[in-house]
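*Asks:* Below you'll find the structure I mean.
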Amino acid sequence: MTRGVVFDLDGTLIDSLPDIAAAANALLADHGLDPLPTAQIGSFVGMGERVFLDRLIAATALDADQYDPLMDQFMTLYKASTGLTTVFPGVVDAVMRLKVEGFKLGICTNKPGGPLEAVLEAVDLGKWFDVIIAGDSLPVRKPDPAPLRLAFERMAVTEGVYVGDSDVDAETAQRAGVPFALFTEGIRTKPIDAIPHDRAFERFTDLPDLCRVLIRPI
Ligand SMILES: O=C(O)COP(=O)(O)O
Ligand SMILES: [Mg+2]
């Protein structure tokens, strides 16, 4: 038996919305457009960079015909935007406790590899994890269950839990047949009740106990 916990990244382990918003607003500024509020930009997050840019274009006067250059420009800004990101309180303690107890630890995010590596380096978080699956590691991404399954498979985990902050994470866990713990303080755009979850939590100090309760064969 090998136990493992896989985490979503944006809005779960890290408070990265300020940087995502800064990158998006820098793109808008470069095109002579006004910034959008951070909360509105938060509603674009969760399905990776293509859906993000589609939603940003739909909400502004960015030119959809310039999609590829806009994406290149956004990715450059996104990779460089790490200075405003913080690790949520209690994350490192919770992760260390789980590790000491023998849990394998993974990340399964829709964030693309470039910005993912940059931000993990900036907040020094990558070192705790046995496997990291980015949004572009596979041809499909969450809510397709394949990336989450791959994270558990790579760690040879037989009992697991997924921890995330969004309805996309909830659907991913459900489709992968994995119990789901919902972190309520992330980039959540729906009411807690509207997101299927086994348990919800607001403080990472509660997570290790919760994992012990929720974990089951996957
Ligand atoms: O990049 C996104 O769209 C969301 O990233 P997440 O899966 O880590 O929440
Ligand atoms: Mg998230």
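Glycine is no exception: its Cβ is also placed from the backbone N, Cα and C atoms.
According to TrEMBL:
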type	residues	note
BINDING	ASP8, ASP10, ASP165	Mg(2+) binding site
ACT_SITE	ASP8	active site, nucleophile
*Asks:* Enumerate same-chain residues with a sequence separation of six or more from ASP165 (Mg(2+) binding site) and a Cβ-Cβ distance below 8 A; give 'none' if the list is empty.
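*Replies:* In sequence order, the residues whose Cβ lies under 8 Å from that of ASP165 (Mg(2+) binding site) (at least 6 apart) are ASP8, ASP10, GLY11, THR12, LEU182, PHE183, THR184, GLU185, GLY186, ILE187, ARG188.
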*Asks:* Relative to the mean position of the Cβ atoms of ASP8, ASP10, ASP165, the recorded Mg(2+) site, which additional same-chain residues have Cβ within 8 Å?
*Replies:* PHE7, LEU9, GLY11, THR12, LEU13, GLY46, THR109, GLY164, SER166, ASP169, PHE183, GLY186, ILE187
*Asks:* For ASP10 (Mg(2+) binding site), which DSSP three-state class applies?
*Replies:* strand
